[in-house]
Amino acid sequence: MACSTLSKSPKDKIDPRDLLIPLILFLSLKGARSAAPGSSPHQVYNITWEVTNGDRETVWAISGNHPLWTWWPDLTPDLCMLALSGPPHWGLEYRAPYSSPPGPPCCSGSSGNRAGCARDCDEPLTSLTPRCNTAWNRLKLDQVTHKSSGGFYVCPGSHRPRKAKSCGGPDSFYCASWGCETTGRAYWKPSSSWDYITVDNNLTTNQAAQVCKDNKWCNPLAIQFTNAGKQVTSWTIGHYWGLRLYVSGQDPGLTFGIRLKYQNLGPRVPIGPNPVLADQLSFPLPNPLPKPAKSPSASNSTPTLISPSPAPTQPPPAGTGDRLLNLVQGAYQALNLTNPDKTQECWLCLVSAPPYYEGVAVLGTYSNHTSAPANCSAGSQHKLTLSEVTGQGLCIGTVPKTHQALCNTTLKTGKGSYYLVAPAGTMWACNTGLTPCLSATVLNRTTDYCVLVELWPRVTYHPPSYVYSQFEKSYRHKREPVSLTLALLLGGLTMGGIAAGVGTGTTALVATQQFQQLHAAVQDDLKEVEKSITNLEKSLTSLSEVVLQNRRGLDLLFLKEGGLCAALKEECCFYADHTGLVRDSMAKLRERLTQRQKLFESSQGWFEGLFNRSPWFTTLISTIMGPLIILLLILLFGPCILNRLVQFVKDRISVVQALVLTQQYHQLKPLEYEPQ
C-alpha cells in the first residue's frame, strides 16, 4: 500500500483485496447535466475527453461531435502516459506530456541486436520493480499487470462514501487500507455497484510484448463508464481515483485525471457598437451627376487632375420599414405565383401584435445520419411553442394527448445513436424549442417530442371589400370578417413546392424560389428583432446603473437612520438585475441565426445560385429562351424538312413532264398483211 508501515500479510490472514495500485482518475466535466442552460438538448457540441496526469496536464484525449451526456467512449490511455511528470518511481518525472517513449530499446536476442539496445528482450525478468523509462522496463511492467498473481487495483477519490475515511488521500493514492478498491485487474476481481468507472488492460500480454520490443507505449488501459457514472451530475467539480500495482513489497502508484470539455460548433459572432435605438433608413437621395471635365484648348495645355472614383461601399442594413415591406412583398410574390387568382385585388396586412410567426405542421422526408451533420450545431430557441402550430404533420417521440391533434403520422425512434435532420425550409418544433436536428439518444432518454413545421410570418389576407367597408359610413353592424393568414394560404409550400417542381417543371421551381425569398426576408426580420431586444436590454442595464447610483446616495443620506431600508421600515430592499439572462439568450439567438443563414445558403444548388446572384439573369433567360429554342429546332429539323420538300417538288415536276411528252405522240396501229 501507499503507507510504508502497511506491509503485506500472508494470503490466509488478510483479505486478498488488500493489494491495489493507485490510479487517480479525475473526471471533470465542463458543465453538469444542466450545462448550457436553456439550449436545446439535441444541439451537437464538439466534445473532448482529456486524460490528465497527477499535475492535471493533458496526456491523452479523444474528440467527437455529439449532444451533451450522450457520448461515453472507452478511454485507452497508456499506463506510462499517466506517469509523465509523475512520481519518481516510474522514471518519467522529467518527461513532458505527449512525449515519445524513452529508450533505449531492448535487444532482440538471437535474431540480432539493435543499435543502442540495453538488455536482451528475452532475458528472464528479475524482481526489480517495473518502471517506464526503458523498453525492457515497460516489458517488465506488461508482465506484472497481466500475470495472475499480480495486476493492479483502483480506488475512488472524492466521490467515495463518507464512511471510507480510512482510504486516505492523494499521497496514498486513495488506497491506504484494504477494501477501498472498486475496480482493476487482480485475482480477487475488485468491483463496485456505485463507482463511476471500470479499469482493465486493453491488450493481451502477447500483443503488448511485441509492442514493447518495438520501443513504444505498450501498456494501454481500457477505462469504461458505468451506468452510475453516466447518471451523475457533479462532473464539474471533478472525480479522482488512485491506481496501484500489486507487487511484492510496497505497491507503487500514480494519480491521473479525466476531464470533459465541450464547445459550440457554431460560428463566433463578433460584437460591435450597437446604438440604443436602431436608426431608420431614409429614402436614398439620387447621386449628383458628375461635372463634365473641360477639354484642354490648344492655347492652354495645362493637364487637368481627375479625382479617382470612390471605392464601392457595402450597402447599409435595411431599416425597420424596409424589413417589414420586404416581408409583405415576399408574401405577395409567393402568393401571386401559387394562387394568382387571389392577388387580382387584395390587401396583405402584417400583424403588429405577438405572435409574429406561426408554424404549420407538414409531412416530409427527413434524413438519417449516423454522425452529427453540420446543421446539428445550430440550436434555435425561438419563442414558438406547440400551441402556436396549426395543421397536421409528422411527429416523433411520445406526443401527449393534448397535442396529438397536430400529428398526421407519429414515428417512434429506435435504439442507437443517430441524428434526424429536417428537410430544407423546415424545422423540428419540440417541447424544448426549435431545432434543425434531432438526436435519437436524447429522444430515447427523455420525454421530448417534436413536430415537423414550416415557419411563416403573421401576414393576414383580406379581400378588397373588407378594406372598402372600413371607409364606408354605414349604420348597419356587419359580421366580423374572417381573416386568412399566409400560413393557411401557403402552408406546405416547402414540401409541396419542391415535390411539384419535379413533375410540373418551371412554374413550381419559380414558386419555390419565391418561397426562398420570403424565407430570407423572415431571417432578416428575426435578426433585427434580436438586435432590438439587445438594444432594449442595454437600455434597461443603463437605467439599472442609474437606479443603483441613486440608491447609494439615499443610503448615505439616511445613514443615521440605518440606511434606506430602515427609513422605509422595510425588511429587505435589494435590487436584482436579471438582464444577464436576456444577454445570454440574445447572444445564442444571434449565433443560431447566423448558422441558419449559412445552412440555407449551402442548401441551394448551383442552378438556383445563378438566379439569386443576378437579378437581371431571370428576365434575360425568359426573354431569349423562346427565340433560342425556335432557332435550335430550325437548325435541327430544317435540313430534313427542306430535303423532303425539294424531293416532293422534283417528283411532281417529273410527272408533269411525262404527261407533256405523251401528248405529242400517238400510238400506231399495227398493219395487217393480206396473203398473196
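Backbone N, Cα and C atoms are what each Cβ position is placed from, and that goes for glycine too.
Annotation source Swiss-Prot lists signal peptide at 1-34, citing sequence analysis.
Per Swiss-Prot, the feature disulfide bond maps to C80-C132 (among others); the stated evidence is similarity to another entry. Within 10 Å of the C-beta atom of C132 (disulfide bond) sit 28 other C-beta atoms, taking all shown protein chains into account.
Counting every protein chain shown, the number of other Cβ atoms lying within 10 Å of the Cβ of C106 (disulfide bond) is 26. Taken from Swiss-Prot, the feature disulfide bond covers C106-C121 (among others).
Annotation comment: Swiss-Prot describes C107-C117 (among others) as disulfide bond. Around C117 (disulfide bond), a 10 Å sphere centred on its CB holds 19 further CB atoms from the protein chains shown.
Other Cβ atoms within 10 Å of the Cβ of C175 (disulfide bond) number 31 in total over all chains. Residues or ranges marked as disulfide bond by Swiss-Prot on the basis of similarity to another entry: C155-C175 (among others).
Long-range C-beta contacts of C167 (disulfide bond), restricted to its own chain and to partners at least six residues apart, with a cutoff below 8 Å, comprise C155, R160, Y174, C175, A176, S177, C180. In this structure, C167 (disulfide bond) is part of a helix by DSSP. Feature annotation from Swiss-Prot assigns disulfide bond to C167-C180 (among others).
Per Swiss-Prot, disulfide bond is recorded for C212-C218 (among others), and the stated evidence type is similarity to another entry. Reduced to three states, the DSSP call for C212 (disulfide bond) is helix.
Under the heading region 'Disordered', Swiss-Prot lists 287-322.
Sequence annotations record features per position, and here Swiss-Prot assigns disulfide bond to C346-C349 (among others). Around the Cβ of C349 (disulfide bond), the same chain contributes V459, T460, H462, each under 8 angstroms and 6 or more positions distant in sequence.
Note on the motif 'CXXC' (346-349): DSSP counts are 0 helix, 3 strand, 1 coil. What Swiss-Prot records for 346-349 is motif 'CXXC'.
DSSP assigns C376 (disulfide bond) to a helix in the three-state reduction. Summarising the annotation, Swiss-Prot assigns disulfide bond to C376-C430 (among others) and lists similarity to another entry as the type of evidence.
Of all Cβ atoms in the protein chains displayed, 17 besides its own lie within 10 Å of the Cβ of C407 (disulfide bond). Feature annotation from Swiss-Prot assigns disulfide bond to C395-C407 (among others); the stated evidence is similarity to another entry.
Within 10 Å of the C-beta atom of C437 (disulfide bond) sit 26 other C-beta atoms, taking all shown protein chains into account. Swiss-Prot lists C437-C450 (among others) with the feature disulfide bond.
Per Swiss-Prot, disulfide bond is recorded for C565-C572 (among others).
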Cβ neighbour count within 10 Å of C107 (disulfide bond): 22
Of C107, C117, C132, C346, C407, C450, i.e. the disulfide-bonded residues, those within 10 Å of C430 (disulfide bond) when Cα atoms are compared: C450
Tertiary neighbours of C346 (disulfide bond) (same chain, Cβ under 8 Å, six or more apart): Y461, H462, P463, P464
Under 8 Å by Cβ from C218 (disulfide bond), same chain, sequence gap 6 or more: D78, R138, L139, D142, L203, A208, A209, V211, C212
Which disulfide-bonded residues sit within 10 Å of C121 (disulfide bond) - Cα, from C132, C376, C395, C450: none
C107 (disulfide bond) versus C132 (disulfide bond) - Cα distance in angstrom: 17
